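What follows is one structure encoded as structure tokens, with my remarks underneath.
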Amino acid sequence: MAEEKKSFFARLREGLTKTRNNIVKGFDSVFSGYSVIDDEFYEELEETMIMGDLGGRATEEILDRLKEQVNDQGICDPQDCREILIDSIREQMHVGKTAYDFEKEQSVVMVIGVNGVGKTTSIGKLASKLKKQGRKVLIAAADTFRAAAGDQLEEWANRAGVDMIGGVEGSDPASVIYDAVNAAKARHVDVLLCDTAGRLHNKKNLMEELRKMNRIIDREFPGVHRENLVVLDGTTGQNALVQAREFAQVMDLTGIILTKMDGTAKGGIAVAIQSELHVPVKYIGVGEKIEDLQKFDPDQFVNALFDTEKDEVY
Ligand SMILES: Nc1nc2c(ncn2[C@@H]2O[C@H](COP(=O)(O)OP(=O)(O)OP(=O)(O)O)[C@@H](O)[C@H]2O)c(=O)[nH]1
């Protein structure tokens, strides 16, 4: 287990190489390029954070905290700001304790997100993970809008070794959810994972469809644990934030799956998401294989990014 975790940390560090080059090297060159702490120094740090996709709000708060500490502690050497900066990034990412109750309780998990972000892949990975934990999983293929979506999901369901319902192109997504919820009850399924369309004729239709699905689950399965996960593509930077905000208007988001965190230079988006949305990133995708989905730990992320505590076994 320790070995497995260590290798994951090593892979996370490797995956974040581009992000590290983008953000951390930027920071370090500011720290070493200045001999005094002045406005220009802060401006350069700010620019590095914005360019690294940390987002406006997080950047502002991180800088405010840095300035406060510099004043309080009478710090004069820019190099001494490094640790404070890392700590305040860590602080921005804390959104309280992240609960994974749905993994243990009988639950219905809605998985939402726009096309191409990695929804199908993430559902397959999650199904496999839950199955390995001994949970009985059923997948509802309610993306009936996009041709081949059902086939792709079925491949993932087979790979994970779980059953799937729906997936017939052109059928009514709400009725797939209805059937799946009733099948989940009849078959004593622990976790029902619902794939949804990333696109319909227009955004209004998509949001209406999601509301309708919600109502069906509420009505047909009252009292079941509900989890609403939005899948965001880590390589899209600030666009991911925009998408999450739109979905948050129709769904009570309980978590985020941040995909494609392997090899992106825009990994700073993880900081922006936690800080701006106050919705926890619950999983990150670090590759295309079935085992490439990991629970997200903000401290581990910051350590991997800044190369702190690199020898520690997680
Ligand atoms: N490198 C990498 N690729 C990923 C990851 N997650 C998904 N992908 C790839 O991203 C592409 C899109 O993934 P899908 O799961 O088909 O995305 P989707 O959101 O279901 O897209 P639609 O089916 O078009 O709605 C595929 O080529 C996946 O292999 C990840 O964590 N890392």
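Just so you know, glycine gets a Cβ as well, placed from its N, Cα and C.
Annotated GTP binding site per TrEMBL: 113-120, 195-199, 259-262, in sequence order. The domain 'SRP54-type proteins GTP-binding' annotation in TrEMBL covers 280-293.
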Sequence-ordered binding-site residues from Gly116, Lys119, Thr196, Arg199 with Cβ under 6 Å of an atom of ligand 1: Gly116, Lys119
Counts of helix, strand and coil residues, the domain 'SRP54-type proteins GTP-binding' (280-293), according to DSSP: 0 helix, 6 strand, 8 coil
Cβ neighbour count within 10 Å of Met261 (GTP binding site): 27
Lowest local Cβ density (other Cβ within 10 Å) among binding-site residues: Lys119, Arg199: Arg199
DSSP state at Lys119 (GTP binding site), helix/strand/coil: helix
Winner by Cβ contact number (other Cβ atoms within 10 Å) across the binding-site residues Gly113, Gly116: Gly113
